[in-house]
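A.B. asks: Just dropping this structure here.
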Amino acid sequence: MDCGCRTSYIGPSLANTCGGNSFVLFMTLLDTFIRRTCDLAQLCERVVPKAAPDLEYDFIVIGAGSGGATAAGRLAEVAHWKVLLLEAGGDEPPGSQVPSMVTNFVENPYMDWLYKTVPQEKACLGYPEKRCEWPRGKVLGGCSVINGMMYMRGTPRDYDNWAVAGNTGWSYNEVLPYFKKSEDNLEIGTVADPDYHARAAGKQAGYSITEDMNGAHFSGFTIAQATVRNGSRLSSARAFVRPHRHNSNFHVMLNSTATRIVLSDTNGKKIAQGVEFIYKQKKYYVKARKEVILAGGAINSPQLLLLSGIGPKEDLDRVGVHQMHHLQGVGKNLHNHVTFYMSYALNKVKDINDLNWADALEYILYRDGPMSCTGLSQATARINSKYAEASGLNPDLQIFFVGYLANCASSGAVNAYVNPKNPHTPKSITISAVVLHPKSRGYITLNSSDPLEKPLLNPNYLADPQDVAVLVNGIRVIQKLTNTSVFQNKYGAKFEKEEYGDCDKLKYDSDEFWECAVRYYTGPENHQAGSCKMGPSTDHLAVVNPELEVHGVSNLRIMDASVMPTVVSGNTHATIVMIAEKGIEHVKKRWLGISLHDRSRSRSAHGRSNKAIASNAALHNPLSNGGPEYYVGEYPHHASYSFPQGRKPTFYYYY
Ligand SMILES: Cc1cc2nc3c(=O)[nH]c(=O)nc-3n(C[C@H](O)[C@H](O)[C@H](O)COP(=O)(O)OP(=O)(O)OC[C@H]3O[C@@H](n4cnc5c(N)ncnc54)[C@H](O)[C@@H]3O)c2cc1C
């Protein structure tokens, strides 16, 4: 089908994402259908990247991920501001917009930075070189293009703690309007299916069920809300960048890697002047008339500050980077949720492939069926471990489920066995427990002064014994869940024990055994945070102030996961979008003299609005200013979804 515009091929194809020649035929055909379904692939709605930048912009945003795409889109609303968005990766392939293909593009070099931690002393011990893998999106939309699409705010306590630490304006009540600003929740007023099995097991195990984890009842088992629209992924690029594709004030450069933020130093007063970047092996310098907004994510933002001479002198001297500005905290306070995966064979369920031609047709025609969702991982839980505060206001464990994913097929035949040579192979699912308040802290530092070389990433996983204790308690929660009659009678769930090295010498299933096992097969979560922490100037590790300005450097702010002083109790994307929304309000206040509460004045005086979307969003969001709105809803067909037939999960990096 011709979509009516000249489009270039945006790779890679789904055919390259399933690992193995047997998948090529079916997945190539499916990819072709997806690319030719105009409203799904949205090839005509893509931004057309610039082949070369102008010399000057009012704002330069570095990185187009959850934070950067949001920030850039909001800046571009101001018609008289000229904005450049720099992104190291290319555009999102059509296939990554299909929810069930959620894991297909992770570890694909086209759009993943393919990071690994340095060898760990107390964790990741069972992996090659004792290093854990850290997927990170290198694509327009950043990690929001490869993430699990779960839309989950932190708990009120998370943000209140940020405020107590001196971050004025960041308490829950104060950040709530910024969550709402980008949200267009089409699930308001609807009730999910209470019989959904993972939730039913949670209920049977004594936990509560919550219909809206982002509302008053933020604990319990739930079917997660998701960043999807009409059955396809709504990355931050699709939500915030594409609506501005016709704006002449907004330039996007793809495959463009920022290598340095250039500072001037006049009598000790440091000011961000512009950005150097590499595009097609050529080096460019662009000047920022107003501000540089850094949004490279929790790994690349501290890396770029260090490359620009902003950081601790000892770190910079070690690799020969001239120090421009001392900031002790750059790259410090790195932390991440940590988890442990437990696979269960469902002995009463045959391992039938979840993806077939019928599903593909249902999806292409109606955006429904198994391809429109992420299978079992729609369910999640936020609960207390035995160490959590009894009030229930500060839950410290999250439970994830993986399985029944319609993501890869070789023949496309309906009811095809995943393993035709052994049709009795049971289906398998994975459940993991996540430590929500990790105490271990690590750091990011440069490996060399080469901006294209990966930095050294040391999360110091499980350095704090309390993280291990909470994780082991999480394992006990999973055991309790899978022992319920829901899991036993209908599915015959049985733990698939792996080999855990020397841990196997310990008494199986003792606490000591699991303490050892979690250090062996540590689950690296994908919620890295804190490496450019927000805090008042009295905090010696603070890198940005509560207005997200880098301490001691004018015209430079950071808006991504790195600024979280402590990672929130849940998935991180929603919070990062909120951070960017709030950060841009500070920018608008500085340069236009307006704030969130003056939105109507802003729109008429300066704004450009996407009216079609705004009218929809305004129904739910009185604070909407008419800009592009971010849709949050549940996957479309969950209500009739209960453990459909499917394929063994092969992938764990999911949330
Ligand atoms: C596999 C996976 C699953 C996840 N699942 C979920 C989930 O279900 N729900 C959820 O809420 N969260 C999830 N997360 C976490 C969440 O997606 C991330 O925390 C969030 O997207 C990070 O946003 P960010 O803006 O900080 O960085 P990113 O989204 O990583 O954006 C940074 C961007 O900057 C670009 N960049 C970096 N350096 C440069 C440079 N020098 N020059 C130019 N561009 C540069 C990068 O290419 C990238 O596009 C998941 C993450 C992963 C990896």
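Even glycines carry a Cβ here, placed using N, Cα and C.
The following feature annotations were taken from TrEMBL:
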type	residues	note
BINDING	VAL139	FAD binding site
DOMAIN	297-311	domain 'Glucose-methanol-choline oxidoreductase N-terminal'
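Tell me about the setting of these features in this model.
C.D. replies: Counting every protein chain shown, the Cβ of VAL139 (FAD binding site) has 29 other Cβ atoms within 10 Å. DSSP assigns VAL139 (FAD binding site) to a strand.
In the predicted model, the domain 'Glucose-methanol-choline oxidoreductase N-terminal' (297-311) shows an average pLDDT of 98.
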A.B. asks: Could you break down the residues of the domain 'Glucose-methanol-choline oxidoreductase N-terminal' (297-311) into DSSP helix, strand and coil, giving a count for each?
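C.D. replies: Breakdown, helix to coil: 11 helix, 1 strand, 3 coil.
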